[in-house]
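The domain 'Acyl-CoA dehydrogenase/oxidase N-terminal' annotation in TrEMBL covers 50-160. According to TrEMBL, the domain 'Acyl-CoA oxidase/dehydrogenase middle' annotation covers 165-259. According to TrEMBL, the feature domain 'Acyl-CoA dehydrogenase/oxidase C-terminal' maps to 271-419.
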Amino acid sequence: MSIFRSPAFSSLARARAAFPRSAARTATRSLSTTRYLRSDVAPSSLHTFTEEEEMLREAVQRFATDVVEPKVREMDEKENMDPEIVKGLFEQGLMGIEIDADYGGANSSFMSAIIAIEELAKVDPSVSVMCDVHNTLVNTILKKYGNKEQQDKFLPMLAQTSVGSFCLSETGSGSDAFALQTRARKDGDNFIINGSKMWITNSYEADVFLIFATVDPSKGYKGITCFIATKDMGIQIAKKEQKLGIKASSTCTLSFDDMKIPKENMIGEEGKGYKIAIEILNEGRIGIAAQMIGLAQGAFNKSVPYTYQRQQFGQPIGTFQGMSFQIARAAIDIESARLLTYNAARRKEEGKSFAKEAAMAKYWASVVAQRVSGEAIEWAGGVGFTRETGIEKYWRDSKIGAIYEGTSNIQLQTIAKHIQKEYS
Ligand SMILES: Cc1cc2nc3c(=O)[nH]c(=O)nc-3n(C[C@H](O)[C@H](O)[C@H](O)COP(=O)(O)OP(=O)(O)OC[C@H]3O[C@@H](n4cnc5c(N)ncnc54)[C@H](O)[C@@H]3O)c2cc1C
């Protein structure tokens with residue numbers, strides 16, 4: 001049963017239903033993200049959550065521990081996402097977190113998505129990134145830029161049955177994403193798409209694909225347009241990558257050979273693909289930051305208890321000052337990355353600027369994830385180096401945080417641009 005339809009969530013929903021629609025909206029907000037932001041309420045710590053968010057965290061923790069955890073090692077070794085996990089994510093309501101209830105979604109907040117991504121990553125960063133890309137990139141684009149017909153058609157699918165993927169990168173365009181070569185040619189009531197995409201997360205499981213292609217190359221990046229396609233339109237998976245980490249998450253090369261997309265599947269206006277991608281990736285980066293803090297915490301949670309059991313020189317290894325200080329520093333690192341991430345998420349919800357904060361959160365969370373997961377292996381000694389404990393997997397999985405949705409250098413570039421603007 002969907003987490004959002006559990007009896008506890010239902011009683012919150014009933015309380016809202018007792019109000020007329022406009023009042024209900026205010027009540028929803030007061031139960032949700034802006035309650036403590038009202039001017040008559042004292043500011044709170046970044047660990048202040050709504051009742052709904054707290055309940056969601058607990059429910060996702062349960063799902064991750066009971067359903068995901070038993071399959072993590074097998075999925076990693078087989079380099080495959082278990083279809084039961086995908087089904088479970090939909091059943092739990094975790095693939096339509098911000099989608100309206102009318103479309104079968106949970107009608108919840110951005111922070112709820114961040115919490116879900118963080119909690120899933122504590123157990124498996126691969127499952128986490130599936131949920132992340134689907135919610136923070138694909139669903140958000142449809143919600144924000146899709147027209148009514150597109151929303152009516154695709155949001156119920158995305159909330160309930162169909163995995164989505166975000167197709168921007170190509171062989172020749174990674175950091176320089178808008179140098180893309182995929183072309184969309186107008187042909188009567190259709191666009192004909194030719195080209196290929198590389199590194200596309202979720203694409204092996206996906207039915208819905210958001211594809212960025214250039215309609216008018218003479219306009220440069222202003223010719224880039226976003227289209228929505230379904231697999232049956234002729235999307236071919238040319239290659240599934242074998243990777244260092246997040247092995248259960250699919251990453252494929254796709255090719256489009258005279259693929260017909262009806263013109264009503266163009267998202268937003270022609271030439272607006274650049275703006276859509278930039279805006280959405282700013283939000284998406286907060287999701288990757290959440291994945292990385294969850295990952296760091298997961299590695300920490302697995303290794304630290306062992307240090308208080310394992311005895312050397314007649315005492316638990318975790319009580320040696322050399323060890324305990326490393327553990328303390330790692331806890332500070334995780335908390336600092338978490339606060340940056342929550343701050344960026346809350347700023348987004350408040351409608352404040354958040355691009356710099358999102359870049360800072362993603363940059364720092366990926367540094368922390370790599371550092372903490374590496375140390376967690378060392379704290380467990382030889383045992384940490386084996387695949388049996390699962391600690392080494394966090395370290396392998398951490399590396400991607402500095403690469404996708406903008407490399408660490410690209411995050412630094414974004415932050416530096418903001419600083420330059422503020423100070424010159
Ligand atoms: C597992 C995985 C999943 C992915 N999922 C998706 C997805 O779902 N959808 C999608 O569209 N893409 C996806 N990507 C693509 C990802 O976003 C790109 O790999 C990333 O943007 C980097 O591009 P690149 O690999 O071409 O590296 P490059 O751009 O070639 O960068 C190589 C190095 O050069 C540095 N560099 C480049 N330009 C500059 C500069 N101006 N200043 C300083 N340093 C610079 C980079 O920081 C990096 O260290 C995924 C990638 C991976 C590996």
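Every residue, even glycine, has its Cβ placed from backbone N, Cα and C.
When pLDDT values are averaged over the domain 'Acyl-CoA dehydrogenase/oxidase C-terminal' (271-419), the model yields 98. Across the domain 'Acyl-CoA dehydrogenase/oxidase N-terminal' (50-160), DSSP classifies residues as 88 helix, 0 strand, 23 coil. Counting residue by residue with DSSP, the domain 'Acyl-CoA dehydrogenase/oxidase C-terminal' (271-419) contains 124 helix, 4 strand, 21 coil.
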